[in-house]
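Copied from TrEMBL, the annotated features are:
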DOMAIN    1-393  domain 'Major facilitator superfamily (MFS) profile'
TRANSMEM  49-70  transmembrane segment
TRANSMEM  77-98  transmembrane segment
TRANSMEM  104-125  transmembrane segment
TRANSMEM  137-159  transmembrane segment
TRANSMEM  171-193  transmembrane segment
TRANSMEM  221-239  transmembrane segment
TRANSMEM  251-269  transmembrane segment
TRANSMEM  281-300  transmembrane segment
TRANSMEM  306-324  transmembrane segment
TRANSMEM  345-364  transmembrane segment
TRANSMEM  370-389  transmembrane segment
Amino acid sequence: MGTLTVTGRARSMGALFAGVALLNTATVGLSTAATLIVAAGSGPGWSGLPSVASVLGTAAGALGAGLLLPGYGRRRVLAGGYSVAAIGALVAFAAALTTSVLPLLAGILLVGLGNGGAQLSRYLAADLYPDERRGRALSNVVWAGTAGALAGPALMAPAAHVASGFGWPSLSGPVAVSVLATAGAALAATVFLPRHVPPPREPAAVRTGGPAWPGTVVRPLVAMVAAQLTMVAVMTMTPVQLRDHGHGLDVVGWVLGAHLFGMFALAPLSGRIADRWGPRVTVNAGLGVLAVSAATALAAPAAHTSGLPVALFLLGYGWNLVFVGGSSQLSRDLAPETRSRVQGTVDAVVWSASALAALGSGQLFAGGGYALVAVVGGVLALLPLALLVPRRS
């Protein structure tokens, strides 16, 4: 089997990193602006629709990319997906100029399709390296989300100012940024990803008669879904909890900033843990951190300078450990001929769980407040540990 040269591997990693960073930038800014546009035009009761469209598009995009990768290759699939995202961003920009809600949602859905391909980039990065370095490679691409998490919000105000200077609606500015970001991702994939990549190595678990396909998939899938449900539910209701206690957007931004730092910035550390101690230990540690996060949020639901920032940071990093650990297991233990299809299916299920958590958390909050959301989140984090712990006969 051939291997990529060092230069070819570096180019591939750079393109994968850039694609994730740019798609994250586009998604964060577009979703935020679209939420405000829909709330102003159709009322706050419908303001969750852009997030739902984005999540559903990402789930469908991950599933589609996973099915197409074996036949068309990473360059065509990622460049094609990012091009679809760029078209969607253009549709959303035109809709933002006229404040048309339905075309705006359609554009967000298309951007989500491209983002689904970006989500699979972490697996493609892992395939470039041997087993003992897969976790680190995968986590470096996850870390690219840090750039988008920071750039998306930071560019909103300047972009809105520029749009107003052209006589456009101010919220069309962040949407225009998403057009540039998605086009840049498509260009990076087209130019820097090699046309031909050697097939991924057969994983050690398969070569040595390791775990069977169902067990290999079920453990990381259950853990990643539980982590996603916990993270999205608690994160979604935290701004509402802070608002109800009289805090402004500055406090909300500080608390969510701690959360985003935990979600993305420490991903390389998670990758090293996965390579050193194994994916299963990493996943179990993440589930434990998520449970501690939920307990901290329950104990200090109004402590905006101490308890909640710590809880939201732990919420982000616990999710990151599960995400990197589960993804690392899927990149190591699946045969090459089934790998991308299974990975895409897992991502589709995980992203669908996000929509369920976003909708369900509001009902939990209405019924029992932030405490109920935290309790349910903690239980969800602990369930995989109870269900999947190996049993001795």
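From the backbone N, Cα and C atoms, a Cβ is placed for every residue, glycine too.
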Tertiary contacts of the transmembrane segment (171-193), as residues 6+ beyond its ends and Cβ separation under 8 Å: 11-12, 14-16, 18-19, 22-23, 25-27, 29-30, 32-34, 36-37, 74-75, 78-79, 82-83, 85-86, 88-90, 92-93, 96-97, 111, 114, 118, 152, 155-156, 158-164
Residue numbers, six or more beyond the limits of the transmembrane segment (49-70), whose CB comes under 8 Å of its CB atoms: 27, 30-31, 34-35, 38, 77-78, 81, 88, 101, 104-106, 108-117, 119-120, 337, 340-345, 347-349, 351-352, 354-355, 358-359
Residues from the same chain, set at least six apart from the ends of the transmembrane segment (77-98), whose C-beta lies under 8 A from its own: 15-16, 19, 23, 26, 30, 33-34, 37, 57, 61, 65, 68-69, 104, 106-118, 121, 124, 168-169, 171-172, 175-176, 178-179, 181-183, 185-186, 189-190, 193
Interface check, the transmembrane segment (370-389) with the transmembrane segment (137-159), three or more C-beta pairs under 8 A: no
